[in-house]
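Novice: Below is one structure. I have some questions about it.
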Amino acid sequence: MFLLLSGFLLCRILLFELERRGGKVNPLMLYVARYIRLTPAYIAIIGFYMTWFPHIGSGPIWNERIGLEKERCQDSWWLNILYINNYFGTDKLCMFQSWYLSVDSQLFFVAPFVVYVLYKWKHLGLRLLCFLVVLTAVIPFLSTYVEHLDPTLMIYPSELSDLARNSFYINSYIKTHMRASAYIIGLLAGYLVHVIQKKHIRLSHRLVQTIWLCAVFIGTGSMYSVTRFYIAPYTNFESSLYAGFHKLGWNLSVGWLVIAITTGHANWLQKTLSSRVFAPISRLTYCAYLSNGIVELYHSASIRYPTYMGFRILRRKFDNKTVRCNPGGTTKTTNEMESGEQNP
């Protein structure tokens with residue numbers, strides 16, 4: 001979903017800027033601005049992993065887990081800040097969630113050229129986008145089929161105990177070519193919204209209802225069809241089919257949700273998701289995402305006895321989700337203060 005939103009926002013903003021500037025936008029400035037915006041907080045969190053993190057907790061497996069994270073970050077931190085750690089040095093992955101930044105950055109590097117084609121040659125650009133939508137579904141299908149991969153990251157303890165040693169995770173889950181579908185559909189959604197708003201197009205009530213029905217059906221099916229792989233043996237073809245097309249179905253459903261909300265075809269849902277209540281939280285999401293691994297690793301490495309899911313554990317997990325915003329807010333505030341001192 002987040003990759004889709006990234007593609008959507010880039011397409012919307014870039015199309016607006018291209019029209020405002022007569023088709024003249026410097027891609028290099030886009031890349032530099034993005035790097036400056038993302039990297040300082042990223043470096044701060046990586047530095048925390050390499051220095052303070054091993055000293056803030058304890059437990060039977062603390063040194064084994066957190067010490068290993070420290071070593072990995074010391075060995076591969078430079079791959080993180082070059083945003084290529086999802087393809088290089090994956091056996092020493094620093095920050096298990098950092099793959100997303102690399103995927104997003106790599107797609108961001110290519111996307112301006114696709115958007116420029118959309119701006120300059122609309123029909124060619126649409127054909128290109130449609131081709132990329134199909135291609136980004138076919139690639140995971142073929143890759144899964146040829147390499148006999150799992151349909152998705154299976155949620156078993158043995159699979160999740162150390163993601164950097166999980167073959168599926170480092171060879172498929174974090175790769176850009178396996179994740180690009182969401183971003184491409186985000187670009188397509190951004191272009192459609194741009195056209196709808198520019199030409200003041202209003203979709204008929206019946207058409208909107210039909211699309212909503214299809215989106216809910218396809219999205220729900222894409223989400224819950226994974227249960228099939230937990231309850232019975234499956235073939236390589238079934239695994240490949242799911243890997244290739246469940247993301248396509250889910251992303252098309254979310255893409256419609258974004259289009260409907262931004263063009264006034266979502267009624268109460270539009271009012272709810274557009275509420276100003278979400279504004280303060282939205283400003284913390286990036287730093288909360290960066291610090292998420294700290295909270296997760298802290299609790300898993302400091303555990304001293306087996307736990308079983310119940311209301312108490314569920315409440316604790318909810319509290320943990322809230323706690324993530326605290327280091328996220330601290331990181332954001334610190335970096336903004338430093339930026340303010342450098343750029344008064």
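Every residue gets a Cβ built from N, Cα and C, even glycine.
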Novice: Quick one: which of 1-23, 208-230, 277-299 does TrEMBL have down as transmembrane segment?
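Specialist: It is 208-230 that TrEMBL annotates as transmembrane segment.
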Novice: Pick from 30-49, 250-269: which range does TrEMBL record as transmembrane segment?
Specialist: 250-269
Novice: Go through 99-119, 208-230, 250-269 and flag the stretch with the largest number of C-beta pairs under 8 Å relative to the transmembrane segment (180-196).
Specialist: 250-269
